[in-house]
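Quick look at what Swiss-Prot lists:
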type	residues	note
ACT_SITE	Lys15	active site
ACT_SITE	Asp143	active site
BINDING	Pro101, Ser102, Glu103, Ala104, Gly105, Leu106, Gly107, Gly108, Gly109, Ser110, Ser111	ATP binding site
Amino acid sequence: MRISLNKYKIFSNAKINIGLNVFQKESDGYHNIDSIMAPIDLSDEMDVTFYSDLGDLKIECSDKSIPTDERNILYKTYKIFFEESKKEKEKIDIILKKNIPSEAGLGGGSSNAGFFLKLLNKHYGNVYNEKELEKLAMRVGSDVPFFIKNKTARVGGKGNRVDLVENNLKDSIILIKPLDFGVSTKEAYESFDNLKEVKYADFDKIIKNLKEGNRIALESNIENSLEQGILETDTNIKMLKMTLNSVVSGKKFFMSGSGSTYYTFVTELEKSQIETRLKTFVDNVKIIICKTIN
């Protein structure tokens with residue numbers, strides 16, 4: 001018989017990449033990156049129940065396309081935490097309600113993992129300090145350490161360097177996620193590896209623009225290495241970008257992470273009009289309005 005010990009409801013938010021530089025593959029098969037990641041107020045919900053008896057992790061998910069067995073990143077998080085902490089495994093149930101789209105470049109899975117890892121640490125008496133938790137998170141996935149701090153940050157290396165930056169942007173963000181296709185991270189990096197020339201974002205300028213809250217200047221400095229590769233190989237992405245540029249002329253659209261989500265910054269005055277145009281003239285996409293969490 002399962003006796004419930006503690007119940008928690010946690011909200012694990014998404015992120016956007018405000019620029020992403022990817023560098024040539026290292027000898028270990030991985031790429032170093034340089035990026036500004038900013039948390040946004042679009043969140044998954046996790047109801048987590050700890051039981052008093054020993055056992056394993058059980059996951060239920062609202063999105064039936066997401067595996068709930070050992071392939072789920074929450075399982076990896078659970079396994080690594082208990083292996084490292086030497087705590088006895090308790091039975092834990094997670095009911096996961098997905099609001100962050102998959103294959104979107106918004107860090108949904110990494111966010112779930114980061115917030116679950118923080119909850120495990122808290123539940124067991126803060127076994128690790130923040131720095132130690134970031135190192136543990138790195139073993140789960142390269143975007144997971146960012147969600148330990150969960151503040152706008154410059155992320156470097158293979159995701160292991162997370163340095164906070166000041167973000168004074170006041171604009172809203174419109175996310176555009178295609179419904180009938182996504183981009184796998186593997187596909188994105190393979191496309192990047194075949195690029196002959198890469199245009200890089202200037203993060204010194206981006207950091208200055210964020211501090212000043214200067215969206216116009218910021219937009220002129222954003223580049224995404226993975227997008228440049230994907231636009232060469234993925235017809236769906238190429239058509240989506242062309243459609244966005246033609247439907248809302250004069251606005252700049254940026255890919256987050258490895259895609260397939262695009263986003264644009266909007267003022268309060270233009271938000272409603274641009275949202276309406278996108279919903280009217282761009283087929284098979286989900287439109288989400290959000291803001292960065294500063």
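A Cβ is built for glycine as well, from the same backbone N, Cα and C atoms used for every other residue.
Distance between Cα atoms for Asp143 (active site) and Gly107 (ATP binding site): 7 Å, as a whole number. The binding-site residues near Lys15 (active site), taking a 10 angstroms Cα-Cα threshold over the set Pro101, Glu103, Gly105, Gly107, Gly109, Ser111, are Gly105, Gly107, Ser111. Residues Pro101, Ser102, Glu103, Ala104, Gly105, Leu106, Gly107, Gly108, Gly109, Ser110, Ser111 make up the record's ATP site, and a Cβ search at 8 Å around their centroid adds Ala14, Ile100, Gly257 from the same chain. It is Gly107 that, of the binding-site residues Pro101, Gly107, has its Cβ surrounded by the most other Cβ atoms within 10 Å. For the binding-site residues listed here (Gly105, Gly109), the lowest count of other CB atoms within 10 A around the CB belongs to Gly109.
A simple way to gauge crowding: the CB of Glu103 (ATP binding site) has 21 other CB atoms within 10 angstroms, across all the protein chains here. For Ser111 (ATP binding site), the Cβ neighbour count at a 10 Å cut-off comes to 27, with all displayed protein chains included.
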